[in-house]
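> Below: one structure in structure tokens.
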Amino acid sequence: MSSNAKSSAEAAFPIDNASQNSGSTTDIPHKSLLWGRQREGVTFSTSGVEDAHYKPIERYEGMHRYDPKFEWEPEEERKVVRKIDKRICTWVCLMFFALQLDRGNITQALSDNMLPDLGLNTNDYNYGQTIFYVSFLSAELPSQLISKKLGPDNWIPIQMISWSLVASMQAFLSGRKSFFACRALLGLLEGGFIPDNILYLSYFYTGWELPARLSWFWVSYQSTQIISAFLAYGLLRLRGVNGMEGWRWLFALEGMLTGLIGISSWFYLPASPTQTASRFRGKAGWFTEREEKIMVNRILRDDPSKGDMHNRQALSLRDLLDTLLDYHMWPIYLLGLTWLIPTTPMTAYLTLQLRSLGFSTFQTNLLTIPAYTLFILQLLLSTFLSERLNSRFLISSLSQIYALPLLLALYLLPSQNVSPWSRYTLSILLVGHPYIHAILVAITSRNAGSVRTRTVASALYNMCVQASNIVAQNIYREDDKPLYRRGNRVLIGICSVNFFLFIGVKVFYVWVNARRERVWSAMSNEQKEEYLRSTKDRGNKRLDFRFAH
């Protein structure tokens, strides 16, 4: 290789040839597998073994661009990543905007007296949201299995168009039964959308790049709250037009907008980095042949397991069962069940809380904006720090340290002679908490260790998060309002336990990696080759796999 053609991997990981030639078993990253990988930490320890052990299957959609000897300049890779950001990530964020628009606009509808108009109370609202989350949870895994068979590029638009119709039909709600029915249908149709998109993004980004993109994924989610607050400010003023309440116009018009985005997505989304050519995207596609080779080879050198399946390959029953029984992923699922509970009730009840403090419908919607702005800033900061410091679970534990004093203050705040602005400030700070969902979603994808496991694991983690929403949705009760002291006491206890859970999960993965490293480092290169040739271990069960933590 010429001196001016150094790869990004060589720049980051200089190879000691003397050490390699001496047959040392020191874990030196394998040069040809590391282009595109950044900083320390690898998915597979590949020192002293041949590239053939990490070759993708023949049916892999990018096989025609696979080349273990291919080289490229770091600047070329940066340009390709920027192009992927522009073409893929921004559109995925737009689709997530559409999801949250229809999933979250019920909070604006509440501020326009939707519950009294339908003859419902707080408990009815809780039951409706519980039905939604149970339905959402139930659809997660089936949606992932369908997505893996049809391809996310086909399944995601079908989901969006379907739920947009139900979302619009909420304009014709008539009471308790219709409210419950619509919540159930929305949950079933929206469930799986998030892990479907995560699977789709994993086709284009390395494990190190995914958390940052997922953080923007959830920035778009929270930006929706800000945008929808302004939309609600205008749409809710339509109350009385054609004899309809403002919240009915809100559901109808925002549902139509989501449908348009869904239809556009059907034509826009490509199946993979090497399948962008079409009548609508251009006969030549979005990327040149060299750019496609860079995309395929950098993805496989970052995580060779991504070449184990093609993007239209369904999972077998054995794959499903193996993932369900994968105990190495259970600690992350456990965190999914609990970490979000301390802040969820206030997020769900923010507009009702502000109305109880005496603010009008229009003031309430505008006063939520600072919370969502703070949320975005803390989301980006926490995700950045987790990757910068290469410490995911410790940074994530800060979300609980942040929430605990705010919950204590809400619990201890006297009921008399307190400015509504004091309670407003505490509510805003709590809703604007460090949202570490992007960190945990990315680490679920990475620690899965294979496309098979990743497909199911992402759904299982999200199912756990939805289960936590079901619990959280029923902590604030009608007989405990407006201060919800009993509910806040429960949240304080859960928040305290969560901190120790994050530390425990960190220790678990450090211990597993250290144990595997001792065994792997003690093996000769020949023994490593024999292990890789003969092992029946798959994904994160392989001795050369290392968990991120």
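Every residue gets a Cβ built from N, Cα and C, even glycine.
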> Which of these ranges is annotated region 'Disordered' in TrEMBL: 1-30, 31-60, 271-300?
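It is 1-30 that TrEMBL describes as region 'Disordered'.
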> So what's near the transmembrane segment (185-205) in sequence-distant terms, Cβ-Cβ under 8 Å and 6+ beyond its ends?
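Here the qualifying positions are 81, 84, 88-89, 92, 95-96, 99, 102-103, 131-144, 146-148, 152-153, 155-156, 159-160, 162-163, 166-167, 213-214, 217, 269, 272-273, 295, 299, 306, 311, 441, 445, 454-455, 458-459, 461-462, 466.
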> Checking distant contacts: for the transmembrane segment (217-236), what same-chain residues at least six beyond its ends satisfy Cβ-Cβ under 8 A?
89, 92-94, 96-97, 99-101, 104-105, 108, 111-112, 197, 201, 246-247, 249-250, 253-254, 361-362, 365-366, 368-369, 372-373, 375-376, 379-380, 435, 437-438
> Among 248-269, 364-381, 393-412, 424-443, 490-512, which stretch has the most Cβ pairs under 8 Å to the transmembrane segment (330-352)?
490-512
> Which one, 248-269, 393-412, 424-443, 490-512, has the most C-beta pairs under 8 Å toward the transmembrane segment (364-381)?
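Per the Cβ count, the answer is 424-443.
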> For the transmembrane segment (393-412), could you work out the same-chain residues 6 or more beyond its ends whose Cβ comes under 8 Å from its Cβ atoms?
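Here the qualifying positions are 335, 339, 342-343, 382, 385-386, 423, 426-427, 429-430, 433-436, 439-440, 483-485, 488-489, 491-492, 495-496, 498-499, 502-503, 505-506, 509, 549.
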> Near the transmembrane segment (490-512), which residues from the same chain, at least 6 beyond its ends, have a CB less than 8 A from one of its CBs?
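Residues packing against the transmembrane segment (490-512) from afar: 328, 331-332, 334-335, 338-339, 341-342, 345, 393-394, 396-397, 400-401, 403-404, 407-408, 411, 447, 475, 547-549.
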